[in-house]
Amino acid sequence: MSHDPAPPARPPHGTPRHDPTPSGRADALHARLAPARRLLDGVEKVVTVLAVAALALIVLTVVWQVVARYVTSQSTAWAPELSQTAFVWTALLAIPLGVRSGRHMVVDLWRGRSELVQKVVFVLASLVILVTCAVLVAFGIEMLGTSFQRSLPSLGISSGWQMLAVPIGFGLSFIFQLEVLVRRFTDPASVEVDPAEQTV
């Protein structure tokens, strides 16, 4: 008496099915990385707000300095130091924003090359950026001690608040570049391709 083979056991309700195809594995990896990307999206929004606020502070400070000098004939000693501090923070907060959106300087040498060559160049460029950011973060942290011992006399604060922008700015740049590198291979459509990477 023959017995029919038992049907394969079904996974419990709600259990995701395993898709062995490359696209299925990519979708699964993309789903696992989605929370981290949402977190970095929030960080990017905060950095954008801070950079815009620092830029607005530069404009307001310079305008006030001009008005005080040529209208009231009085100079404000704190204005140059405040605008300088705001400029440092604006520049170093804008760098990670440019890194995440792919709007950094590239050499337009590999246009029209194969996809493999472009990926290799992208990885090498990313490694250079990551190493550079790591070195600058270490340098900024090392300089914080001596910077906080000096002061900005007109503002009455430590000059370390200017130097603090270095490890923060390049630390964020390191994180964003690492994320872009991962997305380049797990979700290429989400990476804004620079014109130097586009094939002709």
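Keep in mind that glycine also has a Cβ here, set from the backbone N, Cα and C atoms.
Feature list (source: TrEMBL):
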- 1-14: compositional bias 'Pro residues' (COMPBIAS)
- 58-186: domain 'Tripartite ATP-independent periplasmic transporters DctQ component' (DOMAIN)
- 1-27: region 'Disordered' (REGION)
- 46-67: transmembrane segment (TRANSMEM)
- 82-99: transmembrane segment (TRANSMEM)
- 120-141: transmembrane segment (TRANSMEM)
- 161-182: transmembrane segment (TRANSMEM)
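Sequence-remote contacts of a segment are chain residues at least 6 beyond its ends whose Cβ falls under 8 Å from one of its Cβ atoms, and for the transmembrane segment (161-182) they are 33, 36-37, 40, 43-44, 47, 84-85, 88-89, 91-93, 95-96, 99-100, 102, 122-123, 126, 129-130, 132-134, 136-137, 139-141, 143-144, 147-148, 152, 191. Among residues of the same chain six or more beyond the transmembrane segment (46-67), those with a C-beta under 8 A of the stretch's C-beta atoms are 75-76, 79-80, 82-83, 86-87, 89-90, 93-94, 96-97, 172.
In terms of DSSP secondary structure, the domain 'Tripartite ATP-independent periplasmic transporters DctQ component' (58-186) contains 96 helix, 4 strand, 29 coil.
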